[in-house]
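Below: one structure, written as structure tokens.
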């Protein structure tokens, strides 16, 4: 099985919160696609709570689009990582990490402005697979955590696992 890009970086050295370009590619028509690792938590030390990350998933996607789409950028998808330490964001375009970090912080400020669980988009049995598994207060705790610590940039060059380590891990 081929080694996925996300497993070629050293998770023990990742900073959080931080933005990292996880992958870049071009479509057959030449459009640039960038996948960002938006790392909310330090891997293996912190984790976002289940209900909070789910609520954040509903809010974050719209708020990030409000702040990042335009000027050659269009978000395709924002999805939580299975390890619950962050989100992957796929988009058309090549914004720099600082632009993404600024949009992320603005989106977190928007999360803090949501006053009632009824304001969470698609929070109903028809549009959500686990519509009762939500917590606005947990999502807002996550947002506060990001804004209190600021957002850094994780460099692939600094985080790359050496070939020797990959061989040692039998990858």
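Glycine is no exception: its Cβ is also placed from the backbone N, Cα and C atoms.
As recorded in Swiss-Prot, the features of this protein are as follows:
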- 54, 58, 128: Fe cation binding site (BINDING)
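One residue stands out among the binding-site residues 54, 58, 128 for having the most other Cβ atoms within 10 Å of its Cβ: 54. Apart from 54, 58, 128, the Fe cation site neighbourhood in this chain, defined by C-beta within 8 angstroms of the site C-beta centre, holds 55, 57, 120, 122, 123, 130, 131, 133, 134. A helical conformation is recorded for residue 54 (Fe cation binding site) in the three-state DSSP classification.
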